Amino acid sequence: MNLPYPIILASQSPRRRELLALTLLPFETMSVNTPETLNPTLSPEENVLAIAHEKADAVATILAHTKRQAIVLTADTMVAQGRHIFGKPSGFDEAFSMLQHLQGKTHQVHTGFTLRTPTINHSEYVTTHVTLNAMSSEAIAHYLHQQQPYDKAGSYGIQDPLMACHISSINGCYYNVVGLPLSRVWLALQAIIAQQ
């Protein structure tokens, strides 16, 4: 794939860096601090898109000052059941409560992403349905003590040791649950290159 500009992944997530590296495309990372505030009037899908846009706007401002051109990739992932959003937990108690709520049920993982060049602004979201097995309080506590997934939406990482034992089914893109829907990002990159 011949890129017209370098790719900048605007993310602090090590998982997103690992996933984008699977494409074998060269990229650099940039950290941007944005509020990532949820809008209660928006759906989870609309919220992830809004936050991805907000991050892309922040990077665009930085690039405008340096007169750099790039393909900017931003993303945001949320775990939800219907309109109820499960963010990143503040600690053990909140994480325990989230997993108690999610266990034995199906929930949705939404990732919104934005790809932006000087002339193109592409955004979309991807949804994956995940069902967790019933988990005892002991199993939840053991997982939390072992993995401490406090930096993850919904209080779990699908790729974590132990969590694999509790995933009953996945309907949709696995990589979306990890944090970046690679196949959709790849297709969007191809479309952007075709338009240059």
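Cβ coordinates are placed from backbone N, Cα and C, and glycine is handled just like the others.
In the three-state DSSP assignment, the secondary structure recorded for Asp76 (active site, proton acceptor) is strand. Cβ neighbour count for Asp76 (active site, proton acceptor): 25 (other Cβ atoms within 10 Å of its Cβ, all protein chains included). Per Swiss-Prot, the feature active site, proton acceptor maps to Asp76; the stated evidence is sequence analysis.
Taking the Cβ of Arg15 (site 'Important for substrate specificity') as reference, residues of its chain lying under 8 Å away and at least six apart in sequence are, in sequence order, Gly157, Gln159, Val178, Gly179, Leu180. The site 'Important for substrate specificity' annotation in Swiss-Prot covers Arg15 (among others) and is backed by sequence analysis.
The site 'Important for substrate specificity' annotation in Swiss-Prot covers Thr77 (among others) and is backed by sequence analysis. Around the Cβ of Thr77 (site 'Important for substrate specificity'), a 10 Å sphere holds 27 further Cβ atoms from the protein chains shown.
The number of other CB atoms found within 10 A of the CB of Gln159 (site 'Important for substrate specificity'), across every protein chain shown, is 15. Taken from Swiss-Prot, the feature site 'Important for substrate specificity' applies to Gln159 (among others), supported by sequence analysis.
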Coarse DSSP state, helix versus strand versus coil, of Arg15 (site 'Important for substrate specificity'): helix
